[in-house]
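See structure below.
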Amino acid sequence: MQKIFEDYKDILDKAFEVMEKAYAPYSKYHVGACIKTTDGKYHVGANIENASYGLTNCAERSALFHVYSLGYREDDIESMAVVTRGNTLGSPCGACRQVMVELLKNDTPVVIANTSSQAIITNIAELLPFSFTSEDLK
Ligand SMILES: [Zn+2]
């Protein structure tokens with residue numbers, strides 16, 4: 001597990017940094033995400049809550065939408081990190097997984113880590129098997 005923190009130090013450091021900037025006055029559950037693009041740049045996103053709750057945007061989607069807004073596409077994404085506080089790994093929610101299956105390649109590494117030094121490396125194919133994709137619309 002320590003090797004994950006070494007191998008993905010930069011992206012995890014940036015994800016933990018942006019986690020502190022989350023706007024989460026209701027849940028107090030701060031999440032940070034960071035995407036490394038193949039040009040060596042890092043792009044962050046945090047969860048942004050809303051008093052209406054349903055309009056809350058998760059950190060994963062904040063980061064992915066930002067990266068796509070800059071013109072990057074799935075082939076330009078090298079890896080993604082998602083981090084939380086606490087003793088459990090904050091795995092992406094269902095809504096984020098559906099967005100991730102659309103915007104990430106199946107084998108793009110997704111590192112999930114927390115402030116308790118736990119970490120795993122997974123990908124969207126593992127997180128959302130038998131998913132609905134553009135292939136189903138053909
Ligand atoms: Zn989510």
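In case you wondered, yes, glycine gets a Cβ from its N, Cα and C as well.
Bear in mind that TrEMBL entries carry predicted annotations, made automatically and left uncurated.
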Ask   = Which of these, Cys34, Cys58, does TrEMBL say binds Zn(2+) at the same site as Cys93, Cys96?
value = Cys58
Inquiry  = According to DSSP, does Glu49 (substrate binding site) sit in a helix, a strand, or coil?
reply    = coil
Task = Could you say which of the recorded positions Ser52, Tyr53, Cys58, Glu60 has its Cβ with the most other Cβ atoms inside 10 Å?
result = Glu60
Request  = Could you list the residues of the same chain, at least six apart in sequence, whose Cβ is under 8 A from the Cβ of Cys96 (Zn(2+) binding site)?
outcome  = Cys58, Glu60, Arg61
